Amino acid sequence: MPLLEGSVGVEDLVLLEPLVEESLLKNLQLRYENKEIYTYIGNVVISVNPYQQLPIYGPEFIAKYQDYTFYELKPHIYALANVAYQSLRDRDRDQCILITGESGSGKTEASKLVMSYVAAVCGKGEQVNSVKEQLLQSNPVLEAFGNAKTIRNNNSSRFGKYMDIEFDFKGSPLGGVITNYLLEKSRLVKQLKGERNFHIFYQLLAGADEQLLKALKLERDTTGYAYLNHEVSRVDGMDDASSFRAVQSAMAVIGFSEEEIRQVLEVTSMVLKLGNVLVADEFQASGIPASGIRDGRGVREIGEMVGLNSEEVERALCSRTMETAKEKVVTALNVMQAQYARDALAKNIYSRLFDWIVNRINESIKVGIGEKKKVMGVLDIYGFEILEDNSFEQFVINYCNEKLQQVFIEMTLKEEQEEYKREGIPWTKVDYFDNGIICKLIEHNQRGILAMLDEECLRPGVVSDSTFLAKLNQLFSKHGHYESKVTQNAQRQYDHTMGLSCFRICHYAGKVTYNVTSFIDKNNDLLFRDLLQAMWKAQHPLLRSLFPEGNPKQASLKRPPTAGAQFKSSVAILMKNLYSKSPNYIRCIKPNEHQQRGQFSSDLVATQARYLGLLENVRVRRAGYAHRQGYGPFLERYRLLSRSTWPHWNGGDREGVEKVLGELSMSSGELAFGKTKIFIRSPKTLFYLEEQRRLRLQQLATLIQKIYRGWRCRTHYQLMRKSQILISSWFRGNMQKKCYGKIKASVLLIQAFVRGWKARKNYRKYFRSEAALTLADFIYKSMVQKFLLGLKNNLPSTNVLDKTWPAAPYKCLSTANQELQQLFYQWKCKRFRDQLSPKQVEILREKLCASELFKGKKASYPQSVPIPFCGDYIGLQGNPKLQKLKGGEEGPVLMAEAVKKVNRGNGKTSSRILLLTKGHVILTDTKKSQAKIVIGLDNVAGVSVTSLKDGLFSLHLSEMSSVGSKGDFLLVSEHVIELLTKMYRAVLDATQRQLTVTVTEKFSVRFKENSVAVKVVQGPAGGDNSKLRYKKKGSHCLEVTVQ
C-alpha cells in the first residue's frame, strides 16, 4: 500500500516515533507547511485549518477516493466520508460524523466537504438529484441566518446543527432531518468590538434591489441601524450582495415559495427596525417612572409592514399586564424595562424565525413515513470558546463541547479498553483524562450548575445573579474543577483576573471564567404576555404563526421551561442519537489566532492537542486492534473465502471463523479471538480480507455467469429443437398436402378431358360447324350490351365544363369508348349552343376573338374578361347630334367612345370621339358635330399595342390612301381590348382579310414623311393606364412612360 510513498512526515500518527508531544507537533507543523492539512490517527482525521483554498477538492479527487480504500491514498476528509458511506451502504450500519474543535478551526467547511462528497458518490436520477440539491442548498440558508463574524472566525456558526441524512437500501438519499441547538440570539442586540451581527442583515442591505428595499422600508446604509456594529460592516473575502442572491436561489431550490421568501425578509427587516425604536421618559401624575416612544415613525412603519396598529405596538413595549386568577393590573415600564422588552421581542422574533426556517427546510427534505432507511448523521456545532467576557451563551456552548468530548472518550478510549476486558483480550491499560466529573458538575439533576440556575429562577422572593453565584460558591466550594473569588479567598489564593461576579470551570480544553451577569435573565428568556398577544394580533401570516401562545383562548399561566433546561434536554437527545450510531471523527485544529495562512503556533496547537487527547488516542490505537466484529456477521461476510464454509456451514460461528482464517494462513499476531468477537490488529489485514473477498466475488460472479449462460444455452437449444421438430412436421405435412392437391387436380383434369373427349365423340353428329362463331358473336354482343347499358346508367353531367368519362371495362372496347366520349362532348357543346340567343352568340364570339388576340400577351386582358363589351360609351343612342357623325353610313355603330389622340409634333394629347362602323373608323372633335377624319377599313394596314396595362395603340394606315398620306394615328383608349377586337372582326367582315395586331413595347409610327420610333416603358408606379407621360427624344423618337 502506498501510505508512506512520497509522503511528508508521517501520515498516520500511529506510526509516529518517538510517541511524544514534541514529535507530534513537529509532524503536524511539517505537514501543514507543505499544505498537507490532513493526518490520520487510525480512522480519525485531524484537520488543520489552512485559511486558504487548496487544490485538493472537486470531482477529480472525489472520483479518486471513491475507488480506493482508506489507507491507499493521502489522508483526506473524502476518505473518511467514503468509509462512512460504504459502511452504511454495504454493512447496513447507521453512521455519524462528529466534527469537533475550537471556533475558527474549520468545522463548518469540513461538514460541507462531507456532504458534498456523499452527494457526489450516491445514486443518480432526477428525484435523487433533487433531494441532493435540497440537502446541499440548506447550508447557505442556515449560514446566512445562523452564522456571524466573530473575533476568531469570519463565518462562525452561532448555533448547533445536527443533520441526519437518510438513505434507501441502495445508498441513494431520500431526504433528511435538521436539528438546531441554541441560537446565540443575544448577538442580535449587542456584538463585541470587531464582530458582526448575523450575516443575513448585511446581505439583505447589500444585495436587495431598490424596489425590495423600498417595500421593506429599509435603507442600504448599515450605519442607520442600531443593531448592526458600525465598525465592521464588511468582511474580507465575503461578497454580501452575491451571497444574498445565493440565499434567495437556495430557498427557491429547497421549496420556499416566493410569498414565503417575501414574508421571511419582512420579518427580518422588522427585527432590524425594532432596534431603531427609541424609548424616552414620560411624566405621570403619580410620579411613577414611565416610558414612551420618542419617534413614532419607526413603529408606524413596523405596523404597516406586519398589519399591526402602531398604538398597539407602543402599548405592548411600554407597559406590562400582570394577570392573576381574579384580577388584571397594567403597570407602566420605565425606560430600562421598555428597552429590555424591545430587545427581548427582537431576540424572540429572530429566534422563532430561525426555528421556523429549519422546520420549513425539514418539511421539504423529510422522508415519507414507512420507508425503510439508513441514516448518516453530520454534527456541526459551535466550537469551544474562551473569550474575554464569557456569558451564559459560552457556558452552554462549552457544556455541549464537554459532552461531545465525553462521547469521544467513552466511544473511543474508554469503550475500546472496556471491550478488550469484556472479551478477554490481553491489554495494557492506557491512562486518559475522563471529563465525566465536569459534565456531572454542570448537568447533575439535583446539584448541577444548570439545576441550581433553574432553581434560582423559580425561587420566590428577590432573585439576582449574585444570589445564584452565592449558591454555587456554597455547593461547589470544594469541587476540584470549580473556582470563584470566594473559594480562592478561602484557600488563600489570590487571582486578580477573577472578578467578584465570576466563577471559573476547569474544562477539558482549559480554564474558562464566566461572568454571571444576565445569567438569570438569559436562562428565564421571558417575553411579556402583552408582546406575545400583540404579535399574535398581527395580520402578517408568518409573524402571527411564530407566536401561537399569544392567542388569548390558548393562554396558559404555566411557566415555560428555561433556556438551560431546554438545551440540556436537547443535548441529552443528541447524545442518545450519537451513541446509537457508528462514530467517525474529524478533529479540527486552529493553527493560529489571527486567521492567517501559513502561520503555525506550536503553543496554541499543543493546547488543542492536549485537550483533544490526541496522544492518548494514538496510544490506544497502537496498543489495540483496528477492527472488531461479531463472529456471526464476520462469518456471513467472509465465509465465501473457505470451501469448508461455502456455500453452507452447519457448525458454530466461531468455528466457522477459525476455518476461514485458518485456510487463509493469517498470522496469529494479527488476530485475537474474543468471547463474542474477532479482533484484527492492522488495517492492512482487513484490507487483505476485503481484497480476497472482492476476488472471490468476481470468481463467484464468473461461476454464476457460466452456469447461467449454460442454462440459457441449453434452454435455448431445447426450445430450438422443439421448434425445429414442430416446423419439420408442419412442413412435411404441408408438402404432402400440396402434392396430394396437385395429383388430385391432375386426375380431375384428365377425367374432365376424357369425359369431354367422349362427349364430343358421341355427340359430334349433332353439332353444327358454325356453332363456335355463333357463341363467340353472342358473347361479344353481350359484352357490348353490358358496356352500353352501364354507360347509359353512369353518364356524366351535361355541363360543358365537365370532361369526366367512365373507363372502358374491356380493353377491346377502349377505341369505341373514346369515340363515344368525343361524340358525347360534341353533343353537349351543340346542346349548349342551341340554348344561346343570337346576341349571346355574338358576345361569346367577340370574347373568343379577344382571347385569341390578347390572352397571355396583354397585361390588361384578364381584367376585361368578366366585363361585357358595351360598344357605346358616350351615349350615342340618346344623342341625335352624335348620331349625325356617322353620316350616310348604313348599319349600326360597332364602337363609340372618347379617346385621346397623341399630337404628331409635340407629343401632347387631345380628346377625340371615335366611331367604328362596319366600313369606317371615324374621328371627330368633341366640340364639333361633324366628322373630322374618316378612315375606310380597307385602308387600315395594322395595329400596334403594348403588353402593359396601358390603353395606347397605333393605327397604321396604308400609304396609298389619301388619309394615310398624312401618317399613322397614335391613340389612347380606356377600352383598348374591346375596340381592337371589334375592329379586327369588322376588318375581317369588310375586306375578308385578318387585321395585323402587333403586341410590342417598341414600334414605328409614320408621321407624314418621317418615321418615329415609339418606346413604351413601365414607370415606378406600376402600370396604371390612366396616366401616360410622353417625352420626345430627338425628332425621330418618342418615349412613353406608363405611370
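Every residue, even glycine, has its Cβ placed from backbone N, Cα and C.
The domain 'Myosin motor' annotation in Swiss-Prot covers 8-694.
The ATP binding site annotation in Swiss-Prot covers Gly101, Glu102, Ser103, Gly104, Ser105, Gly106, Lys107, Thr108. Around Thr108 (ATP binding site), the same-chain residues six or more apart in sequence whose CB sits under 8 Å from its CB are Glu143, Asn147, Asn155, Ser157, Asp380, listed in sequence order.
Residues 28, 32, 43-51, 77, 80, 83-84, 87, 93-107, 110, 114, 152, 162, 164, 179, 181, 375, 377, 379, 383, 399-400, 403, 406-408, 411-412, 599-601, 604-605, 608-609, 612, 614 of the same chain, all 6+ positions outside the region 'Actin-binding' (571-593), place their C-beta atoms under 8 angstroms from a C-beta of that stretch. Under the heading region 'Actin-binding', Swiss-Prot lists 571-593, citing sequence analysis as support.
Per-class residue totals from DSSP over the domain 'IQ 1' (697-719), listed helix then strand then coil: 23 helix, 0 strand, 0 coil. Look at Swiss-Prot and you will find 697-719 tagged as domain 'IQ 1', backed by sequence analysis.
What Swiss-Prot records for 720-742 is domain 'IQ 2'.
For 743-772, the entry in Swiss-Prot reads domain 'IQ 3'.
Per Swiss-Prot, the feature domain 'TH1' maps to 858-1042.
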Q | Composition by DSSP (helix, strand, coil) of residues within the domain 'IQ 3' (743-772) | A | 26 helix, 0 strand, 4 coil
(Q) Based on DSSP, tally up the residues of the region 'Actin-binding' (571-593) by helix, strand and coil. (A) 9 helix, 8 strand, 6 coil
Q) Which residues, sitting 6 or more apart from Lys107 (ATP binding site) on the same chain, put a CB under 8 Å from its CB? A) Ile99, Thr100, Gly101, Ser157, Asp380, Ile381, Gly383, Ile586, Cys588
Q.
Could you give me three numbers for the domain 'IQ 2' (720-742), the DSSP helix, strand and coil residue counts?
A. 23 helix, 0 strand, 0 coil
Q: For Gly106 (ATP binding site), write down the residues of its own chain that are at least 6 apart in sequence and whose Cβ falls under 8 Å from its Cβ; none is a fine answer.
A: Ser47, Asn49, Cys588, Lys590
(Q) Using a Cβ cut-off under 8 Å and a sequence separation of 6 or more, which residues in the same chain sit near Ser103 (ATP binding site)? (A) Thr150, Arg152, Asn153, Ser156, Tyr382, Gly383, Phe384, Glu385, Lys590
Q: Could you say whether, by DSSP, Glu102 (ATP binding site) belongs to a helix, a strand or a coil region?
A: strand
